[in-house]
Every structure is written in C-alpha cells, then in structure tokens.
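According to TrEMBL, the protein carries these features:
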type     : residues  : note
TRANSMEM : B:12-35   : transmembrane segment
TRANSMEM : B:64-86   : transmembrane segment
TRANSMEM : B:98-121  : transmembrane segment
TRANSMEM : B:141-166 : transmembrane segment
TRANSMEM : B:195-216 : transmembrane segment
TRANSMEM : B:236-257 : transmembrane segment
TRANSMEM : B:269-293 : transmembrane segment
Amino acid sequence: MKNKIVLFLIAAAFLIALPIFAGQFGAGWVRIMASALLYVLLALGLNIVVGYAGLLDLGFVAFYAVGAYMFALLASPHLSETFEGFKAMFPDGLHTPIWLVVPLAALLAAIAGVMLGTPVLKLRGDYLAIVTLGFGEIIRVFMNNMEHPVNITNGPRGLDRIDSMRIFGFDFGKSLQIGDFTIPSVTLYYYLFLLLVVVSVVICHRLETSRIGRAWMAIREDEIAAKAMGINTRNMKLLAFAMGASFGGVSGSMFAAFQGFVSPESFSLMESVMIVAMIVLGGLGHLPGVILGAVMLAALPEVLRYVAGPLQQITGGRLDAAILRQLLIASAMIIIMLVRPRGLWPSPEHGKAAPNPIKA
Amino acid sequence: MDIFFQQIINGLVLGSMYALVALGYTMVYGIINLINFAHGEVLMVGALTSWTVVTALADSGLPGWALLLIALPCAIVVCAALNFTIEKLAYRPLRNAPRLAPLITAMGMSLLLQTLAMIIWKPNPKPFPLLLPTDPIDLGGAVISVTQILILVTTGIILLALLWLVNKTKLGRAMRATAENPRVASLMGVRPDMVISATFIIGAALAAIAGLMWALNYGTVQHSMGFLPGLKAFTAAVMGGIGNLTGAMVGGVLLGLIEAIGAGYLGELTGGVLGSHYADIFAFIALILVLTLRPSGLLGERVADRA
C-alpha cells in the first residue's frame, strides 16, 4: 500500500513537471502532450463502449464532433454574425459560460449516442461496426454541408474565433504570471486536460468494478447468458453508448476551446479508426493499456515530425512528415497486432473460458 | 421522366461496380468472418496500375480498346498478387486471435496501401485517358456512353461466371464447404488455406476490374479513390445479406440505384434545402433501415449463426 502511494506521488510529480521541462524545448512539445491527453480522454470514452460492453463502434469521432461543434457554436461569433435575430438578442455574441456548455456538450453527445444505439441494438459485432461507421460519415456529411440554405456549420471552412476556456474568470487562453515565472497558455491547457484525464480514469475505474461495469462485461462475454441472468441488455447497451459518447462530447468541447477552430476535417473516419486502434493496440478494456495505446499513437508520430526533415531530403521530398506519420501508424497497427494480438498491455486473464476453437 | 431514366442508367452502372467490389467483401466475410477493410484499396491499386500501363503505352499508337485489353490483365495480376500477400502476412497469422485483431490489421493495411500509393504515384489526382469513344448514344431521352454499356455487359457476364464457379465447380464447392465449417471441410479433403487464398485472389480480380471501370467512367485516379467505393460496397454486401453472393449483387445494384435516384431528386423533393451533396449518406441511411428491419440483410445470411 505504501509503495503504491509513493509510486502515485512520483507519477503525479512527473506529470506536473513534464510540461515545464518540455517547455524549454519549445511550446510545440507541450502542445503535442496536451493533444495526446485529449486522445487519452477519447480513448477512455471509447473503451467504455468497446472495451467494457464489447460494442464495436467505428464512428466514435461523431460524438467528438458533436461536442466540438456545440462548443464552437455557443462560444464563437458565428451565430450572431449569421443571424440578424441572434444579433439583436446577443449584441456581443454568445459567450456561454463553460459550466453550461460543457455539460450541454456531454448531454448532447449522450443523446446522439442513444440515437445511434437504439436502432442498432439487435446487431452483432461486425454489423454494428459498419453501421456506426456509417453514422460517423452521416455526421461528417452534415457538418460539411449545413451551410445552405441556413448557415449553421459554415461548411468545410469551419468555425473560427472560438473562445478559450474560462473558469471563474480565469482565462486558459492567456499565459499566467506568477512573480517573474510565466506559465504559457498551452501548459495551462495541459494541466486542465490532465485533471480531466485523472477524473475520467477514476470514473472508469469505479465503473469497471461496479454492477454496471460487470453487467457490461457479462454482455461482452455472452449476451444471451447475460440476458438470462436478468441483466437488462437493452438499457445497459444504451447506457454504454451514452456514457462513452458523453466522454467524446466533453473531449470535443475541450478540443474546440484548445484549437480555437473546428472544421469537418478534424473529424474524418481516420480519426475514428485511430481511436479504435489506440485502445486495441494498448489493450482492450484495460485502463493502463488504453492510456498507453493512446499516448503512443497520439504522441509518437507527432514527435516524428521533428526528425522527418532529413529523411525527406534523402528521398527527394517524396517522404514528407505527413506521409511518414501515416506509414508509421499503419505499420504499428499491423505489426503490434501480429506480435501481440491482445494488445501491448492487456488485462490479466480472469477465469475466462478458453477461446472459441477456430476453424481452419 | 427523362431524368428518371437517366438516373436509372447511372444507378445501374454505379451499382454494377459496387456489386463487383461487394462480392469480394462477401466472399471473404463468408469464409473467415473478416471485414476486409483493405478491399477498397485493392480497387485503387487496380485503377492506378491500369493508369500506369495505359499512360506508358499512350504513344504506341494502339487503339483504345487494345490498351484496355492490355491494362486489364496487368491490373488483375498486380491486385491478385497483392491481395494474396496481404492475406498471408496480415490475416492468416491472426486466425486464432481475438476477433478485433485482424480487423485492426485490415484497417492498418488499408492505411498502409493508401500511403504506399501516395509515395509511388504521388498524391495528386491524375486524369485517366479516354480509351473508348465518348459520343453519347441516345435512348429516347436518356443517354448512355460506350463505357457504360461496356461496364454493364462485362459485369453481367462476370456475375454469371462467378455464380457458375461457386455453384457448379469443384473450387466453388470447396469454398462453400469451408464457409460452412472449415474443420469438417478439411476432413473431407478440402484445404482451407488454399481455398481462402483462392477467395482472396478472385476477390482481388473483381476489384481490379471494378477499379479499371471506375477509372474509365469517372476519368480520374488517385490514392484515396478506393475508400468510399469500398465502404459503399461493403454496405451493399451487408444490405444483401453478407456471405450471400446473390445478395451482394442485388445489394450493389440496389445501392447504386438508390444513390443515383436520391441524388437526382433530393434537391427537388426538399425544395433545394438538401442538395445532391447529401447523396453519400443514402448508402448509410439505407443500410441502417435494412438492418433495423431485417438484421440479416435482404436475402439473408448464407452462413447462419456464427457469432
């Protein structure tokens, strides 16, 4: 027990000191770490749906988008610039306080999750995967096209000038001055996201050991048996969709505030695939594994951007940073799965039945 | 009424290409229960290979149809070799792994192929030369091009040939047996590994043909061109009932028709509120509807209850 506390304190000190140390090498590194934390949040949310409840969701990024657009609409001048009536009501633009907008983003995403979940309750693994994938595409097409006849999302150009996070008048968009020591804005966001990740990990951990969590895992292992044991599989599945989605919604609103700009490009199918890959590569249903997978896939390719220059010169510009990044992610997805099909850090086996004897 | 006929023709052409790709998905899924996410990329490789062959021979003075006849086997060979290798490297070692593992390698493979294509062929879209006469043929109001006629006829022949292959030949019987139960099939002297490889090769050949057709019909090729057709073709396969060959064909044609008619009339029906940009979502809305009403697809799943 004592060891655990010491370990915890060391980890906390390390995570708090990390951006200050990395900041010495430029704000870009801190930015990478902050966005990696956002991916951790997303991965934790998806892990509830896929890892615990066993519902393969390939359209998770839709909920991320719902949260991001929700925040962007309520905290940018777009609505009052587009609609006369809006301007009359809110002459200074709509700067909704985050105590309203973040829960709203979570709620809206949860509703979207239930909306997706309801028609597909009866579907099994792969069918569900393809339907959720389609759902993600539907949301993306809407984001791309909802500028005619009424301009809501501003189409492919996206929404910009989004407010930064403000909590009790404290602005995360400005750097903080303590004496003669300055903490840049991006580091503040890092701490905010870190806090959210810690809270989410606690929530996920509690969920995992709760009745709900065990019901989800029962559904994952054998749905018919779970039903026979009196678990309301319909409600439990919908709850998993809603909870996972609300994580996505919160991360989305954070993303919008952090970037100050959202466009449909950030919510492509590729992002969904990345998040699924993160949790599967890390270790499905196992919190440390999920976090490892998210950090690895989010941060490593970004770090690579800094070393890609020389390689680009060698290959005559054919291998630029973006291509190299994709190449790395793709090979990681294939190689890790071939070497460790259960993920890098899988949950320890707990009295599970032997895997299905597979044909051929 | 003319628009209606025109959209029916466009839909049939689009749908027959979807059907070809959908067959590849459905055969693979029927046998090893894997959504082969890299299948759309095989179509892309087929199209880009044909583009390379056709542009390389552009100055040879050969007529368009001859170029086409040279490009097609090249594309088929390249795609078949590629799909064979993918199966061997990325899917076969994972047959006994948890079900998500091969799904992730398939997605990784799709991304890898796109990236490699970007490195080999550069990311910019390339115009595909016009190999066939472009004069439209009038069909009492609606028009159809030589390319479109060729696509319809070729697809029809291929679909019949495939049905014959699966239902009448020894290989077809082995495929059906493997899909039913690989272990029992192997006791009966079928070699499941061979059958699976053959399935991947046949699927790749169909995707290569579809890729060339796609390039001919739309006139451009690019590394990202395989993604959406792949997705829609899988949707078609699911709509028809996955694992069911006729279902994939019906699903493909149906999806093509739904999309073409939807794109043609959506603007009119909604008074210009929703334009034809929304055509892409028809596939998915149709999919959700079909699966909600008939969870095993329109024609039902051939492989019955395998979770």
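Even glycines carry a Cβ here, placed using N, Cα and C.
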Closest-packing stretch to the transmembrane segment (B:98-121), where packing means Cβ pairs under 8 Å, from B:12-35, B:64-86, B:195-216, B:236-257: B:12-35
Paired segments the transmembrane segment (B:236-257) and the transmembrane segment (B:64-86) in contact, 3+ CB pairs under 8 A: no
Positions whose Cβ lies under 8 angstroms from the transmembrane segment (B:12-35), at least six residues beyond its ends: 42-43, 91, 95, 99, 102-103, 106, 148, 151-152, 155-156, 158-159, 162, 175, 178-179, 182, 195-196, 199-200, 202-204, 206-207, 209-210, 213-214, 217, 229-230, 232-234, 236-237, 240, 242-245, 247-249, 251-257, 259-260, 302-303, 306
